[in-house]
Structures are given as C-alpha cells and as structure tokens.
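Asker: One structure coming up, written as structure tokens, with questions to follow.
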Amino acid sequence: MNKPAFLKLSISMVIFGSIGFFSKYTGLPALELVFVRCVSASAILAVYWLATGQYKKERWSIKEMLFILGGGVTLVINWLFLFLAFEKTSVTAAISIYNTAPLIVLVAGWTLFREKFQWGGLLATLAAFIGTIMITVTASSAFSHVLLVGSVYAFCAAIFYAGTVMIGTRIKQASPYLVTFLQTFIGVIMLAPFVDFSKYTGLTPENWTFSLLTGVIHTGIVYLLFYGSIRFLRTSVISALSYLDPCVAILLDIFITGFAPSYMQAAGIAIIFLAVSYTVRKNRQEDPATQRQV
C-alpha cells in the first residue's frame, strides 16, 4: 500500500464531501459556479507552477496530453451534472446516486484495464454502497420524492466522474500541477461562451467567499491531491475511499445543521468505515510500480 497516496486521496475525498454544503451558499447556478471553480483554480495553479519552477521538471508526452485533455472534458461535464443535480434535488439524494461511481470504476478496472479481480474489493465496495443507502434513505423524507431529472443528472455525473478516474490512472508522468492546471483551463475555454456573466453582479461578499473557496480548495487543492494519488492506487482502493465523501456530508449535517442521525444512519457510517478499513488491509500487497513515492 502506498501510504502517501492513500492519505492524499483520503484527504481529497473528505474535502470533497463538503462541496454540496458550500455550493448552497454561493448563490450561483451550476454553469456559472463551475466556471468560477475553473478560473480560480487554473489561475492559482498556473502561478504556483511557474513560480516554483515545476514546469522545468515536466516530462511531456503526446499520449499523456491526450489523456489529460480527455480527462479535462469528462471532469468539467461531471461538475456540471453534479451541480445541476444539487439544484434539482437535495444534496443527500444527489450524493447517494452520485456514489454509484465507485462501482463503475471498479467494474471498469476489471473489464477495461485487466486489473486483477478481487472478491474482497467487490464486497467492500458493495458494503460501502449499502452503507450509503442506509444513510441517505432515512436522512430526508425528500429522498423518496427525488425529481427524476435530478436523479438523471446525478447518475450522469457519476458516469463522467468514473471516466475521469479511469483516465487519471493512465497519467503517470505529468505532475499533478500540470494535470490540474490544464484540465481546469480546459473548463474555462469550454464554458466561457455559455456563461451568463450578469449572474455575478448581485453576489454578496459571502457568496463570493464560498464561490472562491470552491475554486481554490474544492478544485485546486483537491485535484492536486486527487491526481497525485490515484496513479499509485488500485481501483478497489479508490472505489472504497470514495465513500468517505458521503460520510463527511452526513457528519456536516450533524455538527453544523444539528441533524441527529438515526440508528440506521449511524450503522451505515460504521459500515462505510469498516469497508474502507477492510479494503486497505487487503491491498497491502500491491504491484512494485504502485509503491513509488508520490
């Protein structure tokens, strides 16, 4: 097990778990919020990449550039669908559906990239998914009345997120700084023609604070950690750690909004953490290539 990579991905998933909470306070529609994320993240990463001289150490490859560009497209589309889902239904319901992504990643790893099939990895991922359902089904009565369009958006986001993960595991040489900068800059180019800039004129200082934080923290920092880790981990580990996201979402409800979990929800959280722990133990013996330091 590559411990630095495991820690980085864990941190990125924990931070990402708060994205739904932050998005509610930005006051922006999905498209305009994703654009802010892309602009702020690409600007900060570009300055850091150039100021530190990291660009001098890059190893350029046409094949990897194609992966980076393709991953940038799937990443931005994933964001759009996810924030559209937040607009149409509750964060809890959207996140529940969105968390089918790890299952897609796991199956894709076995079928498309010939990774070794692991019953333990499958069972742990299924257990974590069941834990998520236990949390979300009782988290809000609105779950049983989820709008169809919100459900479709969330599932589309899951598909594109899974695509982003699988493409990201193919990127081995380019630094996380280069990958994240290029992909967020791709987002700027993709979205600029469609952005309604009048949406930014009525924002309060609080709206701007939350909007910029989603760009700097939930985009720049999170995806540096994300791309600096997934290339060194098995898809079974990536899939299991992805379930830290809904755990954080429900814990924010408990400690910030005062939500009290039911016994079933508490059991669901426990199952998720047990599944993650099981996956970690079962993946101690990894390929030598995955043991490189991040």
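Here the Cβ of each residue, glycine as well, is placed from N, Cα and C on the backbone.
Straight from TrEMBL, here's the annotation block:
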TRANSMEM  5-22  transmembrane segment
DOMAIN    9-136  domain 'EamA'
TRANSMEM  34-53  transmembrane segment
TRANSMEM  65-86  transmembrane segment
TRANSMEM  92-113  transmembrane segment
TRANSMEM  120-139  transmembrane segment
TRANSMEM  145-165  transmembrane segment
DOMAIN    150-279  domain 'EamA'
TRANSMEM  177-195  transmembrane segment
TRANSMEM  207-226  transmembrane segment
TRANSMEM  238-256  transmembrane segment
TRANSMEM  262-280  transmembrane segment
Asker: How about the transmembrane segment (207-226) and the transmembrane segment (177-195): do they have 3 or more C-beta pairs under 8 A, pairs 6 or more apart in sequence?
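Answerer: Yes, since the transmembrane segment (207-226) and the transmembrane segment (177-195) share at least 3 Cβ pairs closer than 8 Å, they count as touching.
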Asker: Take the C-beta pairs under 8 A between the transmembrane segment (145-165) and each of 5-22, 34-53, 65-86, 177-195, 238-256. Which stretch has the highest count?
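Answerer: It is 65-86, which has the most Cβ pairs under 8 Å.
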Asker: For the transmembrane segment (177-195), find every same-chain residue at least 6 residues outside the stretch whose CB is under 8 Å from a CB in it, and list them.
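Answerer: For the transmembrane segment (177-195), the nonlocal Cβ contacts are 31-32, 34-35, 37-39, 41-42, 45-46, 48-49, 54-55, 58, 68-69, 71-73, 75-76, 79, 168, 171, 219-220, 223-224, 227.
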